[in-house]
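Asker: Here it is: the structure, laid out below.
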Amino acid sequence: MDFVMAAIFFPLVIYLIFLLYKIIDKRRYQCCYLIHYECHKPSDDRKLDTKFSGDIIARNKNLGVEEHKFILRAIVNSGIGEETYGPRNIIECREDSSTLEDGIAEMDEFFVDTLDQLFKKTGVSPHEIDVLVVNVALLAAVPSLSSRIVSLYKMRHDIKTFNLSGMGCSASLISLNLVENIFKTHKNVLAIVVTSESIAPNYYSGNDKSMILTNCLFRSGGCSMLLTNNRAMRCRAKLRLKCLVRTHLGSSDEAHTCCLQKEDDQGRIGFFLGKNLPRTATRAFTRNIIDLAPKVLPLKELIRYVVSRSLRKTNLNLKTGIDHFCLHPGGTAVIEQVRMKLGLSEKDVEPSKMTLHRFGNTSASSLWYVLGYMEAKKRLKKGEKIWMISFGSGFKCISCVWEVVRDLEDGNVWGDTIENYPPKTIANPYMVQYGSVYEENLEPLIPEYDKNMNT
């Protein structure tokens with residue numbers, strides 16, 4: 001009898017040990033490590049300073065007095081500085097006659113700059129890459145941009161490629177989530193995420209105020225990053241992904257239509273931003289925090305919040321579980337609203353404000369310029385947590401939390417200017433030069449403005 005019991009029990013124990021090993025082994029390879037990231041800094045001949053931005057506005061003959069006033073007010077309050085970058089067709093005064101080639105050329109310049117540096121600095125060969133994810137919301141070329149990169153770098157025939165479009169400013173974290181899920185079912189994978197936005201063929205030349213704003217805020221940029229779940233490479237990693245939360249309010253018609261690409265009354269294509277966008281963003285942001293908080297905050301803080309909430313209005317103290325806040329630099333007003341809602345300090349939002357000032361809103365890649373600022377300032381220490389949050393059309397709010405694997409101090413794209421930040425003032429020169437834009441009677445301003453811009 002004992003022999004029979006042993007014969008049954010022993011294989012069962014072996015099987016249970018095997019299952020436990022498989023579970024542990026599987027979890028070991030589900031980690032997502034960021035090995036390196038490379039942000040794009042276009043050449044100086046693509047800079048858009050105050051005067052040149054004024055030239056672009058003056059060239060648009062579809063704008064009337066009120067539209068000029070609206071655009072200048074938007075630029076004055078945008079928080080964007082003098083050294084952001086634009087696409088070449090706009091620099092060359094061809095924004096009204098852009099071509100598909102303009103968009104592809106803009107992407108090629110970004111691809112070569114960032115990917116060459118990424119391969120060089122990591123020592124990884126293009127042939128070693130298993131997964132490639134490219135996200136550019138407003139450019140869907142055929143063959144795809146991911147195929148273009150495979151051709152450019154002669155990657156393997158069995159590489160798994162994904163090309164995402166229409167995701168807006170949240171696209172890089174969506175791409176990250178895609179890679180994270182691939183890591184759960186495949187071991188020792190090397191993945192590259194390439195994130196940017198195509199500005200060149202998407203300039204709006206009409207006069208609809210709800211569609212003009214994107215011309216004022218968005219600038220050229222991009223980022224390429226190398227990720228892996230290979231534990232043998234964790235000593236080379238910069239960050240380890242702790243969690244990622246996606247919130248999508250697309251089932252609401254109001255949320256779905258608050259920002260979208262469409263034609264105006266004259267048939268000109270542009271990107272529409274509705275008046276209900278702030279309200280929609282607040283709803284998505286709140287929902288996202290509710291889902292994220294239990295994953296990253298200590299139990300003590302969650303209990304404190306529940307008890308305090310029943311007695312009086314109070315906010316979660318995210319600083320009990322988060323050390324750095326990587327907020328999407330969509331605009332000064334957006335950053336300020338998030339800062340006040342979360343009870344953050346000026347230093348907490350400094351990286352986002354300085355990114356907006358130096359590089360503008362580069363859409364989905366903006367978060368990585370913010371991260372680069374923190375790293376260049378040598379603020380990221382081993383064990384600290386970084387919260388990234390972004391918003392996208394649809395309407396989506398995506399956030400994730402990283403853990404710093406080792407002390408970071410790479411100068412990256414900020415290397416030659418980081419000592420100048422934060423500057424003593426980030427006041428826009430338009431405030432001084434065109435202060436009269438706020439005058440009620442703007443008629444005398446426009447002829448003088450056009451005269452100044454044409455000299």
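Placed from the backbone N, Cα and C atoms, the Cβ positions cover glycine too.
Grabbed the feature section from TrEMBL, which reads as follows:
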TRANSMEM  6-24  transmembrane segment
DOMAIN    26-309  domain 'FAE'
ACT_SITE  C169  active site
ACT_SITE  H248  active site
DOMAIN    320-403  domain 'Beta-ketoacyl-[acyl-carrier-protein] synthase III C-terminal'
ACT_SITE  H324  active site
ACT_SITE  H328  active site
ACT_SITE  H357  active site
ACT_SITE  N361  active site
Asker: Going by C-alpha distance, which of the active-site residues C169, H324, H328, H357, N361 is nearest to H248 (active site)?
Answerer: C169
Asker: Hey, of C169, H357, N361, which of those active-site residues are within 10 Å of H328 (active site), Cα to Cα?
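Answerer: Candidates kept after distance check: C169, N361.
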Asker: Could you state the whole-number distance in Å separating the C-alpha atoms of C169 (active site) and H324 (active site)?
Answerer: 20
Asker: On a simple 10 Å Cβ count over all chains shown, which one of the active-site residues H248, H324, H328, H357 is most densely packed?
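Answerer: In terms of Cβ crowding, the pick is H328.
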Asker: Sorted by position, what residues of the same chain at least six away from N361 (active site) have a C-beta under 8 A from it?
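Answerer: Expected: I80, C169, L217, F218, R219, P329, G330, G331.
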Asker: Taking 10 A as the limit, how many CB atoms besides its own sit near the CB of C169 (active site)?
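Answerer: Other Cβ atoms within 10 Å of C169 (active site): 26.
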Asker: In whole Å, note down how far the CA of H324 (active site) lies from the CA of H357 (active site).
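Answerer: Just about 19 Å between their Cα atoms.
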